[in-house]
């Protein structure tokens with residue numbers, strides 16, 4: 001269980017997050033949604049201890065500030081939005097960096113094969129020999145996910161659940177791989193681990209998340225199951241635009257459709273030149 | 001049977017390579033470079049202005065009686081008191097300069113960082129010059145306190161201060177801008193140069209002779225005293241560097257990600273900076289400014305075995321040592337019986353090499 005309580009973050013005297021509280025259970029996917037600038041990435045940085053914060057964050061009952069980097073690395077792995085490398089590493093070498101903390105959870109003799117298994121899990125089997133800088137952005141994002149999976153390969157280690165923190169894990173992926181990556185997260189949670197994912201696609205959140213935290217201007221505007229959070233009122237307030245929430249045929253999963261205000265109703269920002 | 005096993009092993013090694021795992025290549029490189037270093041050490045011991053032959057000494061160990069006892073005695077002195085400390089110092093300084101370059105490139109996440117290029121050597125030089133010029137007057141208490149280590153520790157301090165300064169100026173939230181780093185390096189080197197200039201201006205004639213000798217960048221002054229003063233600092237720095245390999249790999253993904261992978265980033269950076277300052281400072285103190293070793297050697301090896309620091313670090317130390325011994329041998333032979341300063345040789349190799357890197361990477365750097 002990850003518990004975030006009364007978390008506040010201010011950067012250069014500007015309040016970015018205010019009194020954010022929620023918990024992310026092991027065995028579940030917790031999605032964080034919200035418009036640009038609502039504080040999603042700041043929240044991710046705070047729970048990774050990249051930013052100073054007030055309030056408290058605990059992982060499996062232990063306060064984050066009492067952990068050494070190596071202890072934290074054994075409990076959670078973090079997927080950044082993007083990573084560039086200054087040196088020509090191969091894909092295999094990048095994925096193997098996930099083994100830095102040495103707590104993958106598999107026997108040492110298997111460690112050498114682990115990067116290949118992780119690459120297969122993100123549909124990049126056989127990519128190990130390619131140079132990281134020479135593959136596409138979407139492929140790089142999946143390579144980084146494979147690295148993250150290596151770090152916490154067994155979702156439960158010594159009886160303690162471990163966690164994946166994913167910052168927009170599918171932002172540059174095609175639809176097939178979006179579903180595939182979310183399936184990987186889903187299997188990780190099914191096996192007893194926990195996942196916190198920042199998602200822009202509300203329908204992916206509806207489909208995969210067990211609970212959703214909706215942020216608006218640094219505060220929690222909605223928190224609960226997808227059915228509780230993805231309602232017309234909350235979504236319209238959070239995103240400040242017209243969206244329509246429906247329900248799929250049984251099992252009744254919510255879905256969200258954007259509603260255009262119409263081609264002609266927008267004020268004319270552009271001047272037509274005859 | 002044995003050949004089948006060898007074949008299988010060979011096959012699995014090349015399969016690893018195809019799968020992107022270059023660790024076998026790295027291990028092979030370390031073995032090859034160790035052999036190369038042994039050869040260069042032998043070459044260094046057997047070449048020089050005097051006709052002294054290391055082989056007669058080796059023969060002596062095995063009980064061979066020399067033809068001319070007097071000649072043998074002189075050879076003995078040349079080998080033990082001149083060539084041996086020079087060779088050992090060459091090994092240590094070469095390894096130290098190359099590893100310093102590699103550490104800075106890892107720390108700054110930037111293949112162009114090098115103590116010589118970004119002012120760290122200039123800062124270390126300022127420390128050394130301060131002691132040469134002021135060591136008997138203003139800084140006499142320091143000299144009295146530190147004894148034979150004074151020059152080394154002053155260089156170390158100079159290198160440490162410039163590295164910290166450079167890091168503070170050029171790095172913002174874990175990202176180093178290449179242009180800022182190089183320009184800050186120029187500014188810091190200019191500042192250190194100005195203060196050094198003032199010191200040279202007030203130096204006495206005999207101090208000037210020391211300064212000139214030192215600033216040419218040479219191993220020619222090598223002796224056992226210098227070895228005793230610089231050797232331990234360089235060896236300690238190299239041993240410390242050995243513990244940084246995994247952290248340097250993680251750091252290439254950025255400081256935040258390195259921390260997420262379990263690296264205690266602040267402590268790690270401090271240790272790296274101290275190791276760079278120690279290795280560069282102790283080298284500069286004993287051999288003056290020898291440039292380009294730290295950029296040529298790691299870059300060349302990265303092209304061959306890849307950037308994994310677990311193999312790149314030891315390989316860089318080995319090739320750096322060989323490279324400096326080779327440059328030293330050339331500097332002794334090219335105008336024998338006189339000597340060229342070794343810095344001229346390394347610059348003659350390094351300058352064109354650096355330009356080649358820039359041309360190759362022009363598109364990637366885009367500035």
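One-based numbering along the chain as shown.
Just so you know, glycine gets a Cβ as well, placed from its N, Cα and C.
Per TrEMBL, transmembrane segment is recorded for B:25-43 (among others).
The transmembrane segment annotation in TrEMBL covers B:87-108 (among others). Within its own chain, the transmembrane segment (B:87-108) is flanked in space by residues 37, 41, 44-45, 114-116, 118, 120, 163, 167, 170-171, 176, 181, 219, 222, 226-227, 230-231, 234-235, 237-238, 241, 244, 248, 251-252, 269, 272-273, 275-276, 279-280, 282-283, 286-287, 290, 293-295, 297-298, 309, 312-313, 316-325, 328, which lie at least six positions past its ends and keep a Cβ under 8 Å from the stretch.
Per TrEMBL, transmembrane segment is recorded for B:120-139 (among others).
For the transmembrane segment (B:146-167), the list of distant contacts is 104, 107-108, 115, 118-128, 130-132, 135, 181, 184-185, 188, 192, 225, 228-230, 233, 269, 273-274, 276-278, 280-282, 284-286: same-chain residues at least six beyond its ends, Cβ to Cβ under 8 Å. Residues annotated as transmembrane segment in TrEMBL: B:146-167 (among others).
Per TrEMBL, transmembrane segment is recorded for B:179-203 (among others).
Annotated transmembrane segment per TrEMBL: B:224-245 (among others), in sequence order.
Taken from TrEMBL, the feature transmembrane segment covers B:270-300 (among others).
Feature annotation from TrEMBL assigns transmembrane segment to B:312-334 (among others).
Marked as transmembrane segment by TrEMBL: B:340-359 (among others).
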Q.
If you count every Cβ pair below 8 Å, which range out of B:25-43, B:120-139, B:179-203, B:270-300 shares the most with the transmembrane segment (B:224-245)?
A. B:270-300
Q | Ranked first among B:25-43, B:120-139, B:312-334 for CB pairs under 8 angstroms with the transmembrane segment (B:270-300) | A | B:120-139
